[in-house]
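Features reported for this protein in TrEMBL:
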REGION    1-35  region 'Disordered'
DOMAIN    57-123  domain 'P-type ATPase N-terminal'
DOMAIN    151-220  domain 'P-type ATPase A'
TRANSMEM  318-338  transmembrane segment
TRANSMEM  371-393  transmembrane segment
BINDING   Asp436, Thr438, Asp827, Asp831  Mg(2+) binding site
BINDING   Asp436, Lys437, Thr438, Glu532, Phe573, Lys596, Arg629, Thr709, Gly710, Asp711, Arg801, Lys807, Asn830, Asp831  ATP binding site
ACT_SITE  Asp436  active site, 4-aspartylphosphate intermediate
TRANSMEM  884-904  transmembrane segment
TRANSMEM  924-947  transmembrane segment
TRANSMEM  967-991  transmembrane segment
TRANSMEM  1003-1024  transmembrane segment
TRANSMEM  1036-1056  transmembrane segment
TRANSMEM  1076-1094  transmembrane segment
Amino acid sequence: MPLTAAAAPPAGVEQDGPYIGLEELPPTPKQPKERWAGRGWRWPWEKKVVLEGDRIVRVNDERTNEEVGFEGNYVSTSKYNAMTFLPKFLASEFSKYANLFFLFTACIQQIPGVSPTNRYTTIVPLGLVLLASAFKEMEEDLKRHQQDNDLNSRKAKVLHGTAFRDVAWKAIRVGDIVRLENDEFIPADMLLLSSSEPEGLCYVETSNLDGETNLKIKQAHPKTAHLTSPLAVGSISGTLRSEQPNNSLYTYEGTLSISSTSGELIVPLSPDQLLLRGAQMRNTPWVYGLVVFAGHETKLMRNATAAPIKRTQVERQVNLQIVFLFIVLLVLSIASTVGSSVRTWFFSSTQWYLYLAADAPSRIKEFLQDILTFVILYNNLIPISLIVSMEVVKYWQAQLINSDLDIYYEKTDTPAICRTSSLVEELGQIEFVFSDKTGTLTRNEMEFRQCSIAGVAYSDVVEEHKRGEQGPNGEVEGGQRTFEEMRTRWRNGAGAEVAVIREFLTLLAVCHTVIPEMKGEKLVYQASSPDEAALVAGAEQLGYKFFMRKPRSVFVEIGNKAREFEILNVCEFNSTRKRMSVVVRGPDGKIRLYCKGADTVILERLAADQPYTEPTLIHLEDYATEGLRTLCLAMREIPETEYRTWAAIYEQAAATVNGRGEALDKAAEAIEKDMFFLGATAVEDKLQEGVPDTIHTLQQAGIKVWVLTGDRQETAINIGLSCRLISENMNLVIVNEETANDTKAFIEKRLAAIKTQRSAGEGEELGLVIDGKSLTYALEKEISPVFLELAIMCKAVICCRVSPLQKALVVKLVKKNRKSILLAIGDGANDVAMIQAAHVGVGISGVEGLQAARAADVAIAQFRFLTKLLLVHGAWSYQRLSKLILYSFYKNIVLYMTQFWYSFFSNFSGQIAYESWTLSYYNVIFTLLPPFVMGIFDQFVSARMLIRYPQMYHLGQANAFFSTRNFWEWMGNALYHSIILFGFSVILFWGDLKQATGYDSGHWFWGTTLYLAVLLTVLGKAALVSDLWTKYTLMAIPGSFLFTMIALPIYCLVAPLVNFSVEYRNIVPRLWTDPIFYFTILVLPFICLARDLAWKYYKRTYRPQPYHIAQELQRFNIPDYRPRQEQFQKAIKKVRAVQRMRKSRGFAFSQTENPDRQEQVHLVRAYDTSQQFERPTGL
């Protein structure tokens, strides 16, 4: 638990004196009471106490509950706080081997007589690097703290005495009674005591928890439902005996004992009474709730994981390469030390003028000191500026993402926000995308779009080419008609077709469990299923307005007249029946059965000789190709005698204790027969804009998309089909098993069959669909390897009815067993654990509840922005960073290997070839800009080409730009350049140059010349590898050399004058006026880079990479002919969609189902909206 959770109590909360009344508590295992009791904080070395037994909470007894020490409601998602920042940050920074190495170097530089360079030349740059990294980490974590504070500072109404007061969420405690109002988020896990609705009912939206958009019905226990005023709820006393905090979202057990004058009242509690933190109140004016779990003990937070400190694959590779270079450095140091020892021990007599102590008192000590000397001398083989360069470049790459207008959502004024800049390069290496469905792929909106009635197609908007033709009698024949035409027909027309239209609209207005509610002047429909609300709203649009519900009837306004339909029986929907029916008595006194459901179950229950079946099936196929969700509608009149007989059977089934669901299904089967086919509806489950194209593009880029959702299986499959995750020719493997053994046997059987099929060369595309229960078994240790193998073989995977923890476990399973980079994307609190488990987490912002966006590494407003985020920014960031790292290693090795070659000429004395501060300026000033410019602005291919050819994303997945081979090729090139530069400089200066004055040019003359030749070579290399030249590139590459040629002479003049560096005394007039100097620094780089230029020409001409070809297409603007191919593919797709939908059609039902409880029937019988103004106010 972060230490911020241990802060002082919020303002206004008093510290009471000694608590009393503890002797009245029943024996209970107390929470471990610490100095910061109630905040859940503990020392890092302390083990987390596992709570056992029951949790005892006293009702309306704040002091007693405070004494027990329950955890507070403060929640933190940040990485650091004031006390943990320094140790955590330093541990993270020194896990990078480069920083660790330079810390070691800085320490040994402080030893007198060991360092050949200034003692501060390493520790000062290292300090600057750490400060820059600390600043970046603090800036990013302060944003998380601000978001946490915003959440913790939200207000809720908590009962104090007999009145409710506004209190910050973080001040809420276990045992508090909280009043929640409509559309408010639930601040802690609470038990529903009462509500404004009849019988203590309320609606809750849990899309943040389980991904389901349909509203859940919660109901207070009848023994507490009467507590509808602050005085009543504040006067009760008693004890809540509850289960301990756990991560199960769908279970709860507890008992509330209420003291009363007539004795103790026992109230059993179940999940029906549990309101979970993160859910949102809907369509309920107010509720009272008793807090049972708070803060990090809530079920939502128990499903979350601590904010991880993520390390990228590129960073791990850099660490490994630094180890390789350190080994090389040690080898060079030991070799140089051996040379120095041979000189000292064996040639001291012939080199008497050097005063070498051949008989040194301790040769071992001298040997070790020499090793340290050469380690310092060669230490910059590993570039000290690399880590800070990477951090700065990543920061600016993140800013480029933030400022990209292509991924800015204008409607909600939401830009992309890259919260964790250290992960940007991994966006270019993603192989798996794990996506939530609700709110991520879909908009949470249903809209009634089209329908087919009596074989005639109607639509809200009819395109010109879909209109029918006018017949000889003046009527329109065939094609689609508008809803307005339908309204005109049923109002003014007559005949069989008009009667069917009226029955169709009556069915839409009557056959449902929707509750109407007036909000001001507007009629709002409360529905447990967004599909049902869309159909009822569609009926209202077509002139059949459902406006009132009573326990036994519904009222529909038809042609400005209110008609009452008596609801005799309701046969609920469930996933086995795939239909819903109501038996009603109409205004004309006749009894009718209205039934709606999936086409397969409706068609087989029709009477013979149906006139409208064939045309309606053709319309269903059209709706299917448009991705609409369909329902078929049918009805029949029931004679009075038949109904009485059946009603007795139904009542008997409803009274069954065991197996009630099956008994009710059988009773419904007896009446749902010989029906008349009315037509079909088409509802659009609106996808986020561009989702199908985005998923298709990601799949073309070699990215596997897995959807992990809390929705039902049918809903998830329908969305999978409409968003092109599942294709028409894909064979679905559906896992719905009840036990672990059955799950294992099924998976193994299918896996063996697939392997056999593929070994025979019959590879077909597969899609895996698995429900939450089977997934629980599939994630077990014994089955998980087989499950993962099967899932990897599939092009698409859909996991349904999964909990937030299961989402995270699926991600972790793939992460642990595959060397792939994973991305998770979601929009709700239920996705936080999954987002944090993946290498890169992306949150959808701009919707209600931004928990996912707060916990994510990158926040975007729309799923479709993922295309540019990954294929463009990801690919650019990966390629830029790869080039930056390789170039940084290259430029240091070129310079410092010349120092090694010089050791052979300096008798391994440890003499440096270059002035020590000039060495430091090499990384910190003179070659600082080229890596930055390449890392921030370079584009190996334009954004347009990367999106047009998503296959180029494979380069990042295959690590093509930063493989071990790439690294050693660059290192080999650096070694070659160092040999050429040093060798030719020695030849040109052999025997030392004589100047016009007669003096020798001297050591620093040669060293500075070689230094500048090296500098121009590495800048020329930067020019060769840059793919895009901008004004910043000109400033960085030619500009750096011009700056050096101006700044270095100034330093050489000033440093000796202030006694800062005496090596450069009087060098400027001798060096900068000598033609040999200019000849050397121009010719040597040309010799070095001629080979590189020839190699580049050979590779691009004879062994081109895919991006080389794309560069040529981009340069010459060569068109391709893919648009024609895409039109052809769309035509094929439509044909295949028709073929597929003849086998299986999506149907629009998604409300809560529990056949044994018949809760929908209970709901509609409880409501009387004609009495809506007599509800209690709760105040």
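Yeah, the Cβs are placed from backbone N, Cα and C, and that goes for glycine too.
Most Cβ pairs under 8 Å with the transmembrane segment (371-393) belong to 924-947, among the candidate stretches 924-947, 1036-1056, 1076-1094. Ranking the binding-site residues Phe573, Arg629, Asn830 by Cα distance from Asp436 (Mg(2+) binding site) puts Asn830 first. Cβ neighbour density within 10 Å is lowest for Arg801 among the binding-site residues Asp436, Phe573, Arg801, Asn830, Asp831. Outside the transmembrane segment (1036-1056), and at least 6 residues removed from its termini, the chain residues within Cβ reach (under 8 Å) are 917-918, 921, 925-930, 932-933, 1008, 1012, 1015-1016, 1019, 1022-1023, 1026, 1062-1068, 1071-1072. Cα to Cα, Arg801 (ATP binding site) and Asp827 (Mg(2+) binding site) are separated by 17 Å. When Cβ neighbours within 10 Å are tallied across all protein chains shown, the highest count among the binding-site residues Thr438, Arg629, Gly710, Asp827 belongs to Asp827.
Nearest in space to Thr438 (Mg(2+) binding site), taking C-alpha to C-alpha distance over the binding-site residues Phe573, Arg629, Asn830, is Asn830. As a whole number, the greatest separation of Cα atoms within the ATP-binding residue list Asp436, Lys437, Thr438, Glu532, Phe573, Lys596, Arg629, Thr709, Gly710, Asp711, Arg801, Lys807, Asn830, Asp831 is 34 Å. Among the binding-site residues listed (Phe573, Arg629, Gly710), Gly710 has its Cα nearest to the Cα of Asp831 (Mg(2+) binding site).
You'll find the Cα of Phe573 (ATP binding site) roughly 29 Å from the Cα of Asp827 (Mg(2+) binding site). Packing against the transmembrane segment (967-991) from elsewhere in the chain are residues 317, 321, 886-887, 889-891, 893-895, 897-898, 901-902, 905, 1001, 1006, 1009-1010, 1013-1014, 1017, 1021, 1076, 1079-1080, 1083-1084, 1087-1088, 1091-1092: each is 6 or more residues past its ends and has a CB under 8 Å from a CB in it.
Each residue contributes its Cα atom, and for Gly710 (ATP binding site) and Asp827 (Mg(2+) binding site) those atoms are 13 Å apart.
Rounded to the nearest whole angstrom, the C-alpha distance between Asp827 (Mg(2+) binding site) and Arg629 (ATP binding site) is 24.
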